[in-house]
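To start, the structure itself, in structure tokens.
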């Protein structure tokens, strides 16, 4: 049921929503409008003149093999991060859900990574894995493993996936733990008395009851992996080596800020924006229907 | 079906002892009702038998086999939960089929078993529905169906009627009893409702503070309550208690409120002057003026239709309730008599019944 609060006048509600509206306008609508404007223009090399080029920027993007490569890379990255982060989040939540000694401490520790700023998360991993001085690099070296994410493209890609997933595990953990705690205990007990145990009980009883949580998390994780991992990737590899870790958001930055292709970069942002609006709409539709 | 035996079953949670050692034996096909106020340990007892909790001491034998440490999924016990605990994402059919599938039965057998059970409970038109599309009474029947379809050794009921409205409860109560008799299901049934307990049980176990206050047939519990707790818990309104003293070498008791009553069942062994408590049910005291009558100062009346409850106090301020046929007298003070053959004698310090030697 939707709860509505009734206000006598329009002044108070207006004042209450004003800060949120101001933020939305200042940090979303204005930049988005600006990006849209830039996406249909081409700027000369010195940034002095620009001319209207219609959808040429978009057309160019879809013919560009580097853009297609980044698209595929981002897709793989999203799937990998989502699966890893959700898998581990669910696994850890299942453990935490058992009434064990020290469960509270365990939960708090698991939530910590989420409180760490993305760039800091990368710095932590740099300490561990920096090619020359990293603690783990050293260990890998002794084991005869040549680990150097600055030169090995596949290692770099794997590493950003792991860090991005590591950071998101906490989020999934919190939601899955809440989901598990809302599964009625008596239902699980009934299933147990019916003869179900272990993984079978989890697969046929608990997992289906977590479906709404899972769906919500899939969308959130995809959005996170695709759009919120810029700082993390940028701090660690800046998209390199080569274009090994250049996901769409990183490419927007590299093309626009580093290579000064403002029009092309703006067109990429618009495409990203359309995708994110699409995903959010799907989520709102689905969860809205559920709640109703 | 099977027999069940509990041997000095105990359960402690940390420092609190919830069950102090329960001994119990159920015959094949017997319906035993566990009744008691909340917190008496009745649900814990049921959960121990189900295996959802593990006992701190004692043994559980099902059909002679020790199942104390057996996993609940391997006990072959079915339970009807208070909130029914239906699987929300499954149809009624799948709810009933879940346990059968786990038993390894083939599709055709499962289908025919479910159809038979559904027919018995009038669930046939509902088989395709999800639990959220069912009414409370229908859900209750699905919970029953899910239990009987498995043909388990033992049935456990955890207050299965408490979520139904009063009228439906009476009907379902009768249905459960009929089904239990017909299928000859050995059952343990937990309730806090004494009417449910009296009407369903072959035998009752009245629980009080983690102990079995009395294990007997409903009539025996009513006629010969073993303790003052049982006496006040079973029977509506609760039994009246009056302080008294043993006299005449144990052959009579002098009420603090007045008259002396001679025991009709025989003398008690306690010496004269022993303090005792006499119990008398509200319907057993009568309105009568005589040498042994006591004045009851009526405070208020509760008309129940054909009968009326008169609440008041005896001369020594002992509260007393009298049940009389309507219309009740409207006087402020009514002379009542306590028939000696209806009194129950208790030891006020231990609360236990004192029977003639």
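If you go along the chain as it appears here, the first residue is 1 and each next one adds 1.
Using the three backbone atoms N, Cα and C, a Cβ is placed for every residue, glycine included.
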Candidate ranges A:7-30, A:31-54 [criterion: TrEMBL lists as transmembrane segment]:
A:7-30
Among ranges A:206-227, A:228-249, whichever one TrEMBL labels transmembrane segment:
A:206-227
Of A:108-129, A:130-151, which range does TrEMBL call transmembrane segment?
A:108-129
Which one of these stretches, A:182-202, A:266-286, shows up in TrEMBL as transmembrane segment?
A:266-286
Interface check, the transmembrane segment (A:206-227) with the transmembrane segment (A:266-286), three or more C-beta pairs under 8 A:
yes
